[in-house]
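As annotated by Swiss-Prot, [4Fe-4S] cluster binding site applies to Cys52, Cys53, Cys118, Cys148. Residues or ranges marked as compositional bias 'Acidic residues' by Swiss-Prot: 196-206. Taken from Swiss-Prot, the feature compositional bias 'Gly residues' covers 210-222. The feature region 'Disordered' is assigned by Swiss-Prot to 173-232.
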Amino acid sequence: MNPGEPADPAPVPLPEPKRLGTLARLAPEPMKVVLNWGRRYSLWVFNFGLACCAIEFIAASMARHDFIRLGVIPFAPGPRQADLMVVSGTVTDKMAPAVKRLYEQMPEPKYVISFGACSNCGGPYWDSYSVTKGVDQIIPVDVYVPGCPPRPEALLQGILKLQEKIARESLGERYGVSPRPSTAALQSGLVRPPEPEPEPEPEPEPEPGQGPGQGPGSGEGTDTGSDAGRGR
């Protein structure tokens, strides 16, 4: 740049645009409270039972504990109809892709409770080569319930903690740019499956009139013109 030429202007920093839904931008504060109240007491739960902690989840859903009185509806038909996933039991590297796939099929807003020591950090099998060291390596988790296995009362306490979190949520944070990491950004630490061996290519079939090993480039069975020169 010559001394007489003006310097280039410095770039102006612009704030990163945030995409908020129409409901998040236009709903007044009383309406946000009503929407949070509705989501808080209408959690349709999908139980991903992998080990003995799933039995405690079933016990919590029976008449003695009856978590339906807390607004939790058990046994959703599938992940596409569920609001809450409860991962109970040991998550292995082989099962981890299925857990992640079912989580991605759940509609927003969706929540996850890690139920039991095995789901939290691997539990007594943490040093096994095939055990995922916590389901939070695959999907984001909202509430951790410790225990091996936890009692049904511990799950009820975890549900109450999740409902308190939902009541404090902002629709702008939930439906806009969420601070929760995406499932693609999380490190899974899974064991890569072996790649299939390539299939051998089939050998070309010989043309009619050619024997095995005779081809257009083999030099056999072709007239090069040298025999005609010898007969002269």
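For all residues, glycine too, the Cβ spot is worked out from N, Cα and C.
In the three-state DSSP classification, Cys52 ([4Fe-4S] cluster binding site) falls within coil.
Each residue of the compositional bias 'Acidic residues' (196-206) gets a DSSP state, and the totals for helix, strand and coil are 0 helix, 0 strand, 11 coil. A helical conformation is recorded for Cys118 ([4Fe-4S] cluster binding site) in the three-state DSSP classification. Taking Cβ-Cβ distances under 8 Å and a sequence gap of 6 or more within the same chain, the neighbours of Cys148 ([4Fe-4S] cluster binding site) are Gly116, Ala117, Cys118, Gly123, Pro124. Shown in sequence order, Ala51, Glu56, Ser88, Gly89, Thr90, Gly116, Ala117, Ser119, Gly123, Gly147, Pro149, Pro150 are the same-chain residues outside Cys52, Cys53, Cys118, Cys148 whose Cβ sits within 8 Å of the Cβ centre of the [4Fe-4S] cluster site. Look at the binding-site residues Cys52, Cys53, Cys118 and count other Cβ atoms within 10 Å of each Cβ; Cys52 has the fewest.
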